[in-house]
Amino acid sequence: MTTADVDLPVEAPEEPQEKAREESDVSESVRRWSQTRRKRKVMLQRSVSRELADDSASSISITREDTADSSG
C-alpha cells in the first residue's frame, strides 16, 4: 500500500487570522520551551560545578578497560 492509496481527510482552507493565531501560539510554545531548557541547563551546570568543587581530587581521569577478545 502506498500513500497514494490512502484517502486523507481534506481540511478546509484556513482563514488568515486563524493561521496567524496558530503561528503565534506555536511561537509562544517554542519560546517557553527554550526558556525552560535554558533554566534546566543552568541548573545542571551548577550542579556539576558543585560536585566537582566538592571533590578533593585535583583531577579526574576516566579509563576504559580493554574489551577486545584476547583469544584470537
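Including glycine, each Cβ sits where the backbone N, Cα and C put it.
TrEMBL annotations: computationally assigned, not manually curated.
In the compositional bias 'Basic and acidic residues' (16-31), helix, strand and coil residues by DSSP number 16 helix, 0 strand, 0 coil. Under the heading compositional bias 'Basic and acidic residues', TrEMBL lists 16-31 (among others).
Residues or ranges marked as compositional bias 'Basic residues' by TrEMBL: 34-43.
Here TrEMBL flags 63-72 (among others) as compositional bias 'Basic and acidic residues'.
Feature annotation from TrEMBL assigns region 'Disordered' to 1-72.
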Reported in the order helix, strand, coil, what are the DSSP residue counts of the compositional bias 'Basic residues' (34-43)?
10 helix, 0 strand, 0 coil
